[in-house]
Amino acid sequence: MFKDSFKYYKARKPPPNLEHVIDPMKPSNKNVRKMNVDFQSETGLGVKFGLKSMKEWNIYEFINIPGLILLQNPFTAKGQQEWIIKCLKEYTEKPNITNIDAHGLLSNNETWWDTCFGTMPRKDLLSRLRWTTLGYHHNWDTKHYSENLKSKMPNDLKDLIEYLARILGFQEFKAEAAIINYYKMNSTLAGHTDHSEAYLEAPLFSISFGQAAIFLIGGLKQENSAHALFLRSGDVLVMSGNSRLKYHGVPKILIDESKPWSSMPNSSINNEDWQKVNAYISDSRINVNVRQVLKPGQLNL
Ligand code: SIN
């Protein structure tokens, strides 16, 4: 059952044996198969999104989890740094909504970033950031999206996801809503399905940054057994087709000593911001989860 696997991987004492966690980085892995996509479609736009050349990309499908696709870290280290800074500095600003706003922990014109990293830093708020919603804002109570709770999706995030979607064959995908999840080393995300969107046929795009995670994916019911896989910084996981409505969750965050985001500070990165963000990410993980909400041709909810 999903919850048994979740409990197993979440445990600290004794810590779980990770031998059965699917790791596409292991060349001998029999659980995944490389997917071929048409790299002729490389347009040069990738550089703008902080992506490596497509020749370096590895895309996998999971033999026993139809519809689940992993694009293994297509980002350069500088690209990851830029996206991590955006997730913490830009996307936590209004009109996006964070749990910190929802709980009234800031006064009207304060931002989470300035409060945590300004002249009188409130360190207590640093680890309390849990989520930001963008575009159609996910309503955590009703679990419904509505036209009354909607703001503009940031162009850069929308363009990145739609660019990746086209390459992976999802020509019509529209990035209309996002949830950014922020994890500390002891955080978990309980098993759930994502079914609030009006159009459940569209895939869900999920990008990981920072420390690694064990991601658990089961079946359509909690009773089904689950597979565990490693997600590392830069990885793009796509839940499409049969996998779109499956139970999934994150039972464990793991330190990634290889730090795929780390490189010498680059002249085009604001070094002062990067120092702050680098310290934050040393014990944190960020997940950017992007969905299409409307059916094709549907203009509003
Ligand atoms: C989610 O399922 O909402 C997030 C998954 C992740 O953090 O990888």
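Every residue gets a Cβ built from N, Cα and C, even glycine.
TrEMBL: automatically predicted annotations, no manual curation.
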Candidates His137, His144, His248, the one TrEMBL lists with His192, Asp194 as binding Fe cation: His248
Reported mean pLDDT - the domain 'Fe2OG dioxygenase' (174-294): 95
Fewest other C-beta atoms within 10 angstroms, as judged across His192, Asp194, His248, which are the binding-site residues: His192
DSSP-derived class (H/G/I helix, E/B strand, else coil) of Asp194 (Fe cation binding site): coil
Summary of DSSP states over the domain 'Fe2OG dioxygenase' (174-294), given as helix, strand and coil counts: 14 helix, 49 strand, 58 coil
